[in-house]
Amino acid sequence: MMELLLYLYILIVVYLFFKYSRIRTLYIFSPYILIYLNFIFNDAIPFLFFYPDVPENIQYTTFTAAIINLSFLFLFRKQAQVPISINLPLSSIKLNKKRKILLSCFVFFLLWAGVMSGVLINLLRGNNIEDLRRTSEIGVGVIRDIPMLGIQIIMLVLFLQKTWKCYYKVVAFYSFCLSVFLFLTTGNKGGVLVGVTLFLLFFHLKKRGFKWYEYVLYYLAMPLAAGTLQGIRGGDLTLIASQIAVFFSYPVILYQANSIPIMNAVGTENFFWGEEYYTGLVKFIPRFLWPDKPLSFDYKLKELANYDFEGGGIYTTLCNDLYINFGYYYFIFYILWLLFIHYLYGMVMDDKRFYYSRIIALFIILMGGIASTIGSCEILLLFLLFLILYYSRVKTL
């Protein structure tokens, strides 16, 4: 029955994939892609690949999550068929000078953080920076996080003032420059994805959603880019081909290397009861104020799985992540999370709302898992507070 359910799930989601492609509502920020389609790649296919040799708790989370996902696909079926665009009023242009000044300040802060952490210099020299990335998180993370988010929001606002037909080449150029800059200053492959995402948001909000083959090309391009960047970051370009091969099978590899060992270690009673989300909650506190502040929860998961490699920690999929924290009651929080994401997506759809609230809702949707969203929302609040101080009065926002 487990296998039949997952095969049925895959058939339904693939059917919807082509349906939404025809009406051009395949957006990278759509819950359909971020949650329901990704569930196939990250949970369903790896599960079928290793079944029946998977822990019982993974069988439980995968089965219940599939049922919940199918229910939400039906309940919110109309939401996924609505075209979305964001058009900024002409009055927003008068604040562009202040936005560009703020943008320049954020660029300076990121450049300074890259130099202070040693990431920028060592990347330019072709050295391995895996250890430096962890040092960067511990030392200058708070200096880096607000500018990272601020640059994205400000640049998207500036982009949305333009038309696709006349400015798509200009937007593509600045998005590419941002990708290179963020990778060099943070050493994070996700920095490149930031620039790509901004360009795709401009494409979606000013033109249309993906056609099915465009999304397939986008999905295939990610392993190519990730493997190339991993080789550059590791200081050995000869590893690029092998890294690309690894990233093409990444979901299955991560499932075997991360999800199964983690869920085996947790079992039926070794739950963390929300510790991961507490860690995300205190993320914004500078380490110089709290030297013993816990590291990201993914490092604890690495210890739990008895791994001792260099670099960052490990992670698992959304439903398994919630199980680690809340046990068999995880599905309650999973449902609440899906309701929250669909509510935010409804805000993005509503063209009667103020454009800043729609853009902020859009970025929250794109923040990823629950823990990262908690930490990122705190950074977002600090960024908005900074804007209030910068513009002197709230109404100018």
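Each Cβ is built from the backbone N, Cα and C atoms, and glycine gets one as well.
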Per TrEMBL record, range annotated transmembrane segment [choices 101-121, 164-184]: 101-121
Contact call for the transmembrane segment (58-76) and the transmembrane segment (101-121): at least 3 Cβ pairs under 8 Å, seq gap 6+: no
Dominant neighbour of the transmembrane segment (33-52) in 101-121, 190-205, 328-348, by Cβ pairs under 8 Å: 328-348
